[in-house]
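Below is one structure; the comments refer to it alone.
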Amino acid sequence: MELLEERIRKDGIVKEGNVLKVDNFLNHQMDIELFDEMGKEFKRLFADKPINKILTIEASGIGIACVVARHFHVPVVFAKKTQSINIDGEVYSSKVESFTHKRVYDVIVSKKYLSPDDHVLIIDDFLANGCAVNGLIEIIEKSGATVEGIGIAVEKGWQIGGKTLRDQGYQLESLAIVESMDPATGEIVFRH
Ligand code: G4P
Ligand code: NA
Ligand code: NA
C-alpha cells in the first residue's frame with residue numbers, strides 16, 4: 001500500500017536490533033485517517049470472505065482493528081495478555097513468546113466471544129516471527145471458529161512469520177512488507 005510505505009519512509013525510524021519505530025503514526029500517536037485507508041484496503045483484499053468478527057491482541061493491535069472493523073461492520077475482540085495464574089475454564093488461552101520483549105506470556109479470550117459460528121479476520125500492527133499471530137490462530141482453533149485471513153500493517157519480510165503463515169495456506173495480507181532496513185543510513189527497502 002503506497003500510502004503506508006510513504007509514511008514509513010517519512011516517519012519510520014530504523015533502530016538497532018531490527019526494530020522499526022513507527023510511534024509517530026502507528027504505535028503511540030495514531031493517524032486515524034491512515035488507519036481508515038488501511039481498513040478500506042483490507043476490506044478490498046478480503047471482500048470475498050464471510051468475516052463476522054475481527055480478532056487482535058493488546059495493546060497496539062486494538063486501535064487499528066477498531067478502525068478496520070468500521071469497514072467490515074463487525075465487532076472487534078482483543079486477546080488479553082495475562083499471567084497463567086488467572087486462567088480458568090471460561091477462556092481460551094495460548095502461550096506467546098515475544099522475541100522483542102524477551103518473555104513468554106499467556107493470551108486469553110473469553111469463551112463468550114468466540115464460537116464455531118465465527119469467521120475471523122486477524123488484525124495486528126506488526127508481523128515479525130509470527131508468535132502473536134500463531135497464538136491467536138491457536139485460540140481460534142480451540143474455539144472451533146474459522147480463520148478467514150490475517151491482515152497486518154507492517155511485515156518484516158526477513159523474519160520467518162510471513163513465510164510460515166503463507167506456507168500454511170492462510171490468506172495473509174501485509175499492507176507494507178519491509179524487505180530490508182539499515183540503521184546506519186535509515187534506508188528502508190519494500191517488497192512488491
Ligand atoms: P511476533 O509476534 O511477530 O513474533 O513478534 P515479536 O515477538 O518479535 O514482537 C513482539 C512485539 O513487538 C509485538 O507487539 C510486535 O507487534 C512488536 N514488534 C515486532 N517487531 C517490531 C518492530 O520492528 N517495530 C515495532 N514497532 N514493533 C515491533 P506486541 O507484543 O503485540 O506488543 P504491543 O506493543 O502490541 O503491546
Ligand atoms: Na506492538
Ligand atoms: Na501488536
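Using the three backbone atoms N, Cα and C, a Cβ is placed for every residue, glycine included.
Taken from TrEMBL, the feature xanthine binding site covers Leu20, Asn27, Lys156. According to TrEMBL, the 5-phospho-alpha-D-ribose 1-diphosphate binding site annotation covers Ala128, Asn129, Gly130, Cys131, Ala132. According to TrEMBL, the feature domain 'Phosphoribosyltransferase' maps to 48-154.
DSSP gives Asn129 (5-phospho-alpha-D-ribose 1-diphosphate binding site) a coil state; it is part of no helix or strand. The average pLDDT computed over the domain 'Phosphoribosyltransferase' (48-154) stands at 95. Among the binding-site residues Leu20, Asn27, Lys156, the ones whose Cα is located within 10 Å of the Cα of Ala128 (5-phospho-alpha-D-ribose 1-diphosphate binding site) are Lys156. DSSP assignment over the domain 'Phosphoribosyltransferase' (48-154) gives 31 helix, 46 strand, 30 coil. Nearest by CA distance to Cys131 (5-phospho-alpha-D-ribose 1-diphosphate binding site), out of the binding-site residues Leu20, Asn27, Lys156, is Lys156. Asn129 (5-phospho-alpha-D-ribose 1-diphosphate binding site) sits 9 Å from Lys156 (xanthine binding site), taking the Cα positions as reference. If you count neighbouring Cβ atoms within 10 Å for each of the binding-site residues Leu20, Ala128, Ala132, the highest count belongs to Ala132. Residues Gly12, Val19, Lys21, Val22, Leu26, Asp125, Phe126, Ala128, Val154, Val178 surround the recorded xanthine site, their Cβ atoms falling within 8 Å of the Cβ centroid of Leu20, Asn27, Lys156, which are themselves excluded.
In this structure, the CA atom of Lys156 (xanthine binding site) is 10 Å away from the CA atom of Gly130 (5-phospho-alpha-D-ribose 1-diphosphate binding site).
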